[in-house]
């Protein structure tokens, strides 16, 4: 055996951070630590204090977690030029005197996390060992052998490296875009993302086993879906959908994930108050992109919450057409969740691709509030028997809306099933632009098609759900007029229309149009009601009630014009800015009719101008112009700005006073610190009205 230096005196370890980070697509992380992706080689150099004569018996040890073990793939021992049992390997590159250059390769299924790297030298019966340092290993969408491999470079840029995005909200007929700062590369966010994993119930129960499972994106993503909400594990965000938000932050005030994750971390893991679905999805997207799993945010309009998982959202009315609150099922105007991209070794290759994850705490799965990953292929094919939580997601996009008429406590009758209402305009941000892409076809076959009903019936059978009675569809001529068609075809049709775009601070003019569908004379008693609602369609305050009587001659059409004045809604409107208008029409000759209209009030526009070219490390001025939408003076407003690569902390500027309808301009300065396409978000916060938000995309040039 050749003589090997026992005293390995290493002067310096050169991690070649800049070159390795560039090769591993991790240059954007705001960290001095070496951040690598698995399944890809990296280089290190050891500068020695003495000249080494031989290094034939060098061995590397890479370990992660609190109890590293080769049997659990959390420890790898690999000699030079030999592949270790766990797939790690090291080769020596051409070296100078007193300098050793090595290339180290981790396997494509390595556990992700923070690693310690040691060098061990054997001389006779004596072993000398030296800790070289630490590095972080992430999932690798660029590696064909990694479960998260994504072939398209433009998609990798979007779903892994883009640190800002758009989350769609609103109504199916009034889709709005909200900017969100994911900020996965900002300072501390990688450490926080790893801490999210370490705070999970799984980790607390058995840290060694938990860490050993972190080679699987299925496992890691499911843990994150549980940890982003605070219901079971004192996770990141506490949800709240009712009451005031005085003890925390109104969910509508958040513009990104960075402030939320930092607040959780700095408060020693106390849940951040408060979030709703888009907040949970935004934070989940940040953490998963940070860990290297391609992820995007999805919005489902008319999203069903099927409490009893019978694939039916049940609505009850009495004989007059009034709503009866007899079911826990609900239909939200929209719901936001995530999709992550990886293969499903547990299900088979047919189910590879986009997987649904939902961190919003709605229903328990395996005893805790978590949801997914559920394969979108499984959802589309009705394979609701497959892991994880496929029935819940299937119902959210494809449940039937069933209306029942309740005659007494013992007698009810199903009068129709609307098979088309749920799961509309399922949306996500496009690759490379801020436009909306409709991905509904990824979740279900065309509504009304034979295949769609076939899949639905397959799901019913797999869940063991039996349906009594026949389903009758809404006649095409009635669709859009009434949400609850009685068993008897109505003799009158109705429609509610807005006469102008509704804007906060202004009156809302509406018209109810009634059409007699018969040649007989008819009298209709109309009960109009307007309520302030949340995006979950839960009513919070009554705004208006009107009663009218209308006489219709043969096939006659009449209009009832009315308005909801600002004075009527200003003290009742929720921050969601949503109003539900209903008209219950009791018809003398024929069945009653219910007509509904969802309204979202628009905020005044906020304009943002960047006054000059944006260059890294050079100040540039920004001008923001906004208008007080009210006929009242407002005080104590705050203008907030944030954007990854532009502002390291959120900027806050006080706006002391604004006269009624006054337009104001505020200027501030930013110093970009990262080049490329950047999103600057601006938000005017005021207690007198809901936030006025805007954003601008700007190209930041590298420093000269």
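Just so it is clear, glycine is given a Cβ too, placed from its N, Cα and C backbone atoms.
Marked as domain 'Transglutaminase-like' by TrEMBL: 269-361.
According to TrEMBL, the active site annotation covers 277 (among others). Proximity of residue 277 (active site) to non-local residues of its own chain (separation of 6 or more, Cβ distance below 8 Å) is seen for 332, 334, 335, 336, 337, 360, given in sequence order.
Positions annotated as active site by TrEMBL: 335 (among others). Other Cβ atoms within 10 Å of the Cβ of residue 335 (active site), summed over all protein chains shown, number 25.
The Cβ of residue 358 (active site) lies under 8 Å from the Cβ of 225, 280, 281, 337, 338, 371, 372, 389, 392, 393, each of which sits 6+ residues away along the same chain. Under the heading active site, TrEMBL lists 358 (among others).
Feature annotation from TrEMBL assigns Ca(2+) binding site to 398, 400, 447, 452. Applying an 8 A CB threshold to same-chain residues 6+ apart, the list for residue 447 (Ca(2+) binding site) reads 419, 420.
Across the domain 'Transglutaminase-like' (269-361), DSSP assigns 18 helix, 41 strand, 34 coil.
Cβ neighbour counts within 10 Å, taken over all protein chains shown, single out 400 as the most crowded of the binding-site residues 400, 452.
The number of other CB atoms found within 10 A of the CB of residue 398 (Ca(2+) binding site), across every protein chain shown, is 25. For the Ca(2+) site, the Cβ centre of 398, 400, 447, 452 serves as reference, and the other residues of the chain with Cβ at most 8 Å from it are 399, 419, 420, 422, 423, 444, 448, 453, 456.
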